[in-house]
Amino acid sequence: MAQKPLRLLACGDVEGKFDVLFNRVRAIQKKSGNFDLLLCVGNFFGSTPDAEWEEYKTGIKKAPIQTYVLGANNQETVKYFQDADGCELAENITYLGRKGVFTGSSGLQIVYLSGTESLTEPIPGYSFSPKDVSSLRTILCSTSQFKGVDILLTSPWPKYVGNFGNSSGEVDTKKCGSALVSSLATSLKPRYHFAALEKSYYERLPYRNHVVLQENAQHATRFIALANVGNPEKKKYLYAFSIIPMKLMDTAELVKQPPDVTENPYRKSGKEASIGKQIPIPEEDSACQFFFDLNEKQGRKRSSTGRDSKSPHSKQPRKPPQPPGPCWFCLASPEVEKHLVVNIGTHCYLALAKGGLSDDHVLILPIGHYQSVVELSAEVVEEVEKYKATLRRFFKNRGKRCVLFERNYKSHHLQLQVIPVPLSCCATDDIKDAFITQAQEQQLELLEIPEHSDIKQIAQPGAAYFYVELDTGEKLFHRIKKNFPLQFGREVLASEAILNIPNKSDWRQCQISKEEEEILARRFRKDFEPFDFTLDE
């Protein structure tokens, strides 16, 4: 059966004209049927009063379609985007975040980069830097299987995009736009690239991503710049298109070249500077076996107790990808609150949860940068399973059973939450029923999966999901398609049906002082020592 294309809308600068935009979307959907997503680039908020936005923020009005927007391009609108990792701004309106990758349940891959280019430090809150672009490129292009992405969203135009193409009108692409965005587009090879800010509509002729007769054929890129919403000149600000995710397409169909395809505008030609050389890809230290040092020092191989690593002839574990920026959970990162770390293995470590549901609520975390369980290498998975089994024994010895859950949604580093529940509180079936009941109440489909099944069998790398693992080995799985309550796992466990501490459902309400955290960490280390498998290796 042929894959049904997704129907998407892209929009230029909204500039606070929310009613104009959404009324237009309603009219289009009434005439042409519903679309799946609306993607907004450029300035979503404007200098107009907030009265119109308040109606959407408070729920008086609602966007007629799931809408994803980029962040601020100026200091004036930074206040609307409180969470750099993205957040829901209003019902059906979601801020994607400063930079990253959004993968839909269909497999559609959207890369986003908010803000305008800045080459000076410190970087303003509404800008991106060469490091931001380089980290996106590294995390996406590091595998040999990388072919490109479906959609790239930026606010600035890419500099030089008009080279070899049709006229870009009043916009001089040799002077306007961002060279960093050009570099990113060169590396990521998006099938569609949308931008705004210039108050102009420009649909460039498609360009090729390979050198004819020298490289295998690759898909073409279509760059579309959109005008501002409700502009008096009636320039196009909404663009409708259909797309089948790249990963679901036949290769021959994907690489078909449009009849009007041109040369790549960013390739070196004559006196033109080579855009791709403006941002060198950061070098990786070949000796960095277990984690990346996020300072600009060389990565170092670590051993949990100072033991030497195995013989030089043993197979080296596959290196995890570099994080896209400072990470709170990469053990080498200066952002890690190391006083919370209670045990370190070869590939993973244990840390007390900040604002935990209980004094012994812990996290299993990979030392290197992995986003989810699905992306872990074999040796890391093996040690995660060791920690899980050890923690079950540890808590059972203390009259408790443990519940594990992972939320791979709006998170950049795998955090496997391990929450102990006293045996006297409830049975395993009660915990299972509580998760299923609350999922149904929130219209979430929580599926039971076989006890010994592997999450990798049902979730692809990059896919958003939530899963719970009970002490019996049973698992409950939810594939996240649009929005998902970030505190869902905690809310269920804190409910009256289980721990009966509903006031602790939000970790921010449970924070204690650093001194108190240090006392709890010392106590956990001492209690856990008899069970510590790392001491035997």
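Counting begins at 1 with the first residue displayed.
Each Cβ is built from the backbone N, Cα and C atoms, and glycine gets one as well.
Pulled from TrEMBL, these are the features on record:
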- 259-278: region 'Disordered' (REGION)
- 298-323: region 'Disordered' (REGION)
- 319-424: domain 'Cwf19-like C-terminal' (DOMAIN)
- 442-534: domain 'Cwf19-like protein C-terminal' (DOMAIN)
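This prediction places the mean pLDDT of the domain 'Cwf19-like C-terminal' (319-424) at 88. Secondary structure of the domain 'Cwf19-like protein C-terminal' (442-534) per DSSP (helix as H, G, I; strand as E, B; remaining residues coil): 37 helix, 13 strand, 43 coil. When the domain 'Cwf19-like C-terminal' (319-424) is classified with DSSP, helix, strand and coil residues number 26 helix, 30 strand, 50 coil.
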